[in-house]
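What Swiss-Prot says about this one:
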BINDING   Asp180, His258, His275  Zn(2+) binding site
Amino acid sequence: MAPSISPVTQPLVSMAIAPTVVIRSALAKAGEHLQKLGSKGLVVTGSHSAELGEKSLQTLQKNYGLTLPLASYLPDCAESSLEQLRRRVHQEQPDFILGIGGGKALDTAKLLAHQTQLAIATVPTSAATCAGWTALANVYSETGAFRYDVALDRCPDLLIVDYELIQRAEPRLLVAGIGDAIAKWYEASVSSGQSSDTFTVAAVQQARILRDILFQKSAEALAQPGSETWREVVDASLLMAGVIGGLGGANCRTVAAHAVHNGLTQLPQAHHALHGEKVAYGILVQLRLEELVSGNQLAATARRQLLSFYDEIGLPKTLQDLGLGRISLEELRQTAEFTCLPNSDIHRLPFTVTPETLMAAMVSTLVEEQGTRQLFAQIQDNSGL
């Protein structure tokens with residue numbers, strides 16, 4: 001007789017793994033899928049993305065009988081913008097929200113749909129982030145400083161991947177998307193690398209595969225926009241990165257790279273740098289922290305590998321590369337202190353990080369190994385940076 005299995009009480013885990021439907025299609029031909037969400041959609045977008053999608057939206061309205069009024073998310077994915085958009089929803093009474101644009105436009109659209117309990121469709125206009133896929137949104141101040149993130153109850157109902165639209169974006173946006181996506185490995189392996197949870201293990205392994213794809217194919221993709229390799233890298237940055245976040249969920253969080261990004265957004269002069277550019281720099285800072293505090297030689301090797309890769313595709317390696325070479329010591333400290341706030345993801349590192357240690361890492365992303373222990377000793381002695 002088989003042994004009986006005792007029921008085990010487990011906490012309820014809510015997983016938002018993927019959009020309900022993902023289609024690779026020109027936006028103008030996606031009318032049948034949008035019709036399943038309703039006949040009227042409020043289009044949340046910015047001025048540039050509205051221009052890019054204008055003809056497609058006109059075609060959707062003409063050929064599929066959709067009503068698609070426009071609403072701007074500007075000045076940012078901020079509480080004030082969301083308040084204005086909620087009033088617009090009340091006025092228009094749409095059946096669904098249609099987000100068209102980059103990460104902030106899509107985050108705003110997702111949050112608006114979440115707050116108003118409407119269906120949501122996303123149309124990324126670049127491969128700069130995986131925001132079109134995920135059940136997460138970042139909220140900023142009106143001037144672009146990171147404030148907090150919001151976990152949403154589901155991924156978008158529909159994700160439309162229009163490669164022709166994405167190819168019209170400047171190459172810098174894909175480079176930034178590569179930087180944002182490759183962070184999945186360096187952060188997930190630290191935050192969740194020892195987990196035995198099946199989905200978390202799958203997410204971490206997918207992050208490793210994602211890293212390898214980007215290492216192998218990014219340079220060729222950037223040299224041949226529109227090619228099959230280019231599409232593979234777009235898919236990796238836009239879709240596969242989203243899969244990892246969906247599988248790993250709360251157990252597979254960001255760590256220092258995104259925390260450094262959030263800190264940098266507190267500086268107005270950093271706002272011209274793209275999300276993925278700041279995250280890519282943040283990966284180097286995270287690896288430097290592992291070297292400085294733990295003497296981790298694997299981190300040193302990984303940093304050298306990344307520096308070579310960054311040179312190859314044009315990602316920033318230093319504050320100067322981000323246009324922040326002239327920030328004051330006080331501004332650097334302000335950034336570090338925000339990054340080290342008690343609720344920051346930087347504390348997912350397996351050691352304590354102080355603002356002073358972080359400042360040292362931020363200004364030494366190019367330092368050779370032999371200077372690491374000496375630099376950390378100076379920090380410990382409070383003898384300056």
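Every residue gets a Cβ built from N, Cα and C, even glycine.
Overlay of Swiss-Prot feature records on the structure.
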residue: Asp180; record: Zn(2+) binding site; DSSP class: helix
residue: His258; record: Zn(2+) binding site; DSSP class: helix
residue: His275; record: Zn(2+) binding site; DSSP class: helix
**Report entry** Position of peak Cβ density within 10 Å, selected from the binding-site residues Asp180, His275
**Finding:** Asp180
